[in-house]
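Step one of this worksheet: look at the structure below.
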């Protein structure tokens, strides 16, 4: 699992001087600025396979009880109950439309004998005779129908909760009357309901009319306890007010600014025009059969006027998650059939990439706070004639879906001449009328939009909307940043790495096996590994440092500890009462046991603390002398060394990534064995395990207790020639006991002799290992 090279990587045994550290820190800082710009996203890393992603939920939840609010004067909206909590006697509220409706509610405390009291109503002093002999508060609703009329008591509410209610609804004003908890509602007519305003003198709450049952409950039984806590502070009603500001069609807002960079918020109204692409493929033969009718991505370029500005836009429309249908009219050559035709339905998604030549898209490299809102559009299918050689031909007709905006992200459009940083709008679909059918066939009344004629003769479909984003751009608007015309530093490196990966994989066919075995006989270390690089490198030591720092963050460091801990912990935790017969299926006792301790191994992620544990629990043989064993990692290291020497593109910038990838990806399926006297116990990374005798190669029961002792006390050898290959070699050619021992130990001299003799079984095994050394 860890050869000499990878052991050096894990232990990080190299020392560096101050110059190397400064150079490393400087390169990391430069890369960090370019690659990881905080909250910004890079546009050129669009995913390859697009799913619908998150589904935005814009459901608005209206609270049952809103408040409390401070006393105020305002014109209340219709369809809302206003619950007013009176804390003292006197006027609770006054309400009028200055036309035919004047009403005021007066609170009188309990145990008041008949008396005259003065009140100020609508700016005038009024005297009323009041009386309250009960233990509850009384609220007198005083009403008059004209400005010159006198007030009279229209209704009275007796309550121990000191709550009164008022509602504007259906051309009437509704209030509560009677005695709680049996109070009911009643109403007063008015010809001018909308102009009624209210002056409230106490704290109040707001409840939508849809929750009128809750309002009745509060009037009869009082507010819930949480509303009476001293932590609830009444707010001004103005806190509910929304200042409406009509947005401009084009808005460029400076969010922040420094000497070199600034954040600009771009708000744009846009018109999106798009069309579906499709492909109809006909089978050969007599002309009665079609192979495929499918959706294809379609580009569309157009111009439109936006706030006096002429905008040139480009869209690309594609369909994801289509449904495959077919029609088979019979088995005869003259029977009409369609092998596959695509239909977009509710489970499908439409993606529209949009770009225009405005300033918003000029420097769209680092973007945050991206939002959009687009209207829906209905797409109706047309007719497509399946023109048969003879007779009336079938016609696919109809079908419709509606596109609903479901999200937006960054993307890159690739045209014939240029790649464009763009916005990708995602639309969910709902099926609509009409249904589609294939006339003169049994296919009728199906819903969705088939790919036969999705545009229905229209040049394009159109929708409108608006998007907003914040982009990091240069402060100097006159300076044309190269970002818009080139790729970033990381993308240049990715391109180099991709080219290097392709070259490495193609070199697998050119590696001579004898050269590989000879190379494996040498003790490869960091310095010999990097000696073949043809580009200029200042110091091999600094190169090794870069590789180790990259390797330390790789997946291999964690996977090594997980694998080794699973070997020893699983063996020690298994049942010690019986031996386990070898099991070649991936669902084995070994697999289940190793899974049981995976949580423990996963919880430890510190590489530096695990390397000491690895060396104690599992000691791997590296290739040091001709008689010592050679591990899988020695094969992969030898392949890596050979490819580095043969490569024309390797350099100091790409080497750390390539070495790290090679350690993770070379030879993913590996086997390991322990040897004790005449017995071999072998396991692989797929969970298979078995034991066998060296002299006969016959399987024996797998003793997990014995394995638990051997795996911690004996060397573990990587199985270059695995048990399957050994059995095949013995069955076809016959091998001696000494040859079997040497092959089990992965002796390089014996391997080279078999290869020089052109043994097809050994040669094929080594070739397969080389082919597995791919990136």
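Each residue, glycine too, has its Cβ placed from N, Cα and C.
Values in this document were obtained by computation on a predicted structure and should not be read as measured data.
Annotated region 'Spike head' per Swiss-Prot: 65-223, in sequence order.
The region 'Spike body and stalk (antigen domain)' annotation in Swiss-Prot covers 247-478. Mean pLDDT of the predicted structure over the region 'Spike body and stalk (antigen domain)' (247-478): 86.
The C-beta environment of residue 317 (disulfide bond), restricted to residues of the same chain at least 6 apart in sequence and closer than 8 Å, consists of 274, 275, 276, 277, 297, 298, 300, 350, 351, 352. Residue 317 (disulfide bond) falls within a strand when secondary structure is assigned with DSSP. The disulfide bond annotation in Swiss-Prot covers 317-379.
Among the features that Swiss-Prot reports, region 'Hydrophobic' is placed at 388-408. If one looks beyond the region 'Hydrophobic' (388-408) by at least 6 residues along the same chain, the residues whose Cβ comes under 8 Å of a Cβ in the stretch are 52-56, 286-288, 334, 336, 341, 343-345, 348-350, 370-382, 423-441, 446-450, 452-453, 463, 465, 467.
Residues annotated as coiled coil in Swiss-Prot, with sequence analysis given as evidence: 483-510.
Sequence annotations record features per position, and here Swiss-Prot assigns region 'Spike foot' to 509-775 based on sequence analysis.
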Residues with Cβ closer than 8 Å to the Cβ of residue 379 (disulfide bond), same chain and 6+ apart in sequence?
276, 400, 401, 402, 403, 449, 454, 456, 461
Is residue 379 (disulfide bond) helix, strand or coil when read with DSSP?
strand
DSSP-assigned states of the region 'Hydrophobic' (388-408) in counts, ordered helix, strand, coil:
0 helix, 14 strand, 7 coil
